[in-house]
Amino acid sequence: MALLCTPSKLRHSMLLVGVALMLGMHLSAASLDDDIEIRWGASHTYFFMDGDTESLALSLDDEQGGSCFRSKEMFLYGTISLDIKLVEGNSAGVVATAYTISEGPWSYHDEIDLEFLGNLTGEPITLHTNIFVNGVGGREQQFYLPFDPTADYHTYTIEWNPKYILIRVDGKAIRAFKNYEQYGVPFPTWQQQRLYGSLWDADEWATQGGRIKTDWSEAPFVAYYRNYNFTWCQPSPGVSWCGAEPKDSKRFDLDQKTLGELWWASQQYRIYDYCSDHKRFNESDFPKECSLQRQGL
């Protein structure tokens with residue numbers, strides 16, 4: 001639920017407006033509002049025109065627990081992309097997100113996470129990814145990005161079809177989670193999900209395991225979102241929808257370009273993979289999908 005402005009929050013909102021105007025940004029009702037809705041922190045958000053592009057700013061300070069939006073529509077299989085410009089400067093303890101999540105009981109919810117873990121000025125921001133199926137997560141992979149994600153907008157994409165969940169950055173695949181249901185590994189196939197984006201304080205764990213705390217003297221922290229796009233998953237000709245795609249169909253197989261991008265990301269940018277964490281798992285305790293991947297299945 002969006003929060004109402006108290007006088008102090010109203011002053012903060014006016015400060016954000018002033019900052020936007022000083023930066024030459026034109027405030028606008030923006031048609032982005034047709035596709036998303038503010039869930040909380042309404043007094044800490046604003047729509048504006050960044051050049052010719054409608055954008056949304058999410059803000060966080062020490063008076064309020066950040067801000068959040070969600071898509072108005074839910075979907076089962078499709079591709080979501082969003083341009084994000086992350087918090088500049090010292091963002092230690094601050095987390096910006098873009099994730100999809102089902103809205104049924106929490107005990108068996110599905111979720112695809114992109115969380116950007118803030119850091120000290122000049123230190124790399126970590127892209128933390130995770131996938132929950134039937135209420136169970138623990139499938140973390142983390143990446144350093146090959147650019148400064150605070151200097152400009154970059155495009156982050158979640159591609160979800162019956163065979164794979166793909167995460168892309170600027171169009172290039174960095175992570176794939178394969179559907180191994182035939183081997184007893186859960187995969188999200190039946191619950192609709194909705195996109196959420198948020199900015200919040202997580203200094204108990206976000207930066208260097210919680211050793212570096214949020215410096216509230218740097219507030220307000222602001223992240224920017226724009227160019228939200230969604231396209232439904234497209235099945236093979238003659239198939240009614242992606243969920244009805246035949247099991248032996250090659251419609252969603254990964255091409256060589258995507259496989260090459262995934263290999264490159266694993267070698268150059270990935271800094272953590274739960275399937276390689278021998279401190280966390282004994283050899284016999286690794287999640288089943290990890291051994292299936294090693295077998296090339």
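Using the three backbone atoms N, Cα and C, a Cβ is placed for every residue, glycine included.
According to TrEMBL, the signal peptide annotation covers 1-30.
Look at TrEMBL and you will find 25-225 tagged as domain 'GH16'. In the predicted model, residues of the domain 'GH16' (25-225) average a pLDDT of 94.
Taken from TrEMBL, the feature active site, nucleophile applies to Glu111. The Cβ of Glu111 (active site, nucleophile) has 19 neighbouring Cβ atoms from other residues within 10 Å, across all protein chains displayed.
The local packing around Glu115 (active site, proton donor), expressed as other Cβ atoms within 10 Å of its Cβ over all shown chains, amounts to 20. Annotation source TrEMBL lists active site, proton donor at Glu115.
Marked as N-linked glycosylation site by TrEMBL: Asn119. Sequence-distant neighbours of Asn119 (N-linked glycosylation site) (same chain, 6+ residues apart, CB-CB distance under 8 A): Ser91, Ala92, Ile125, Thr126, Thr207, Gln208, Ile212.
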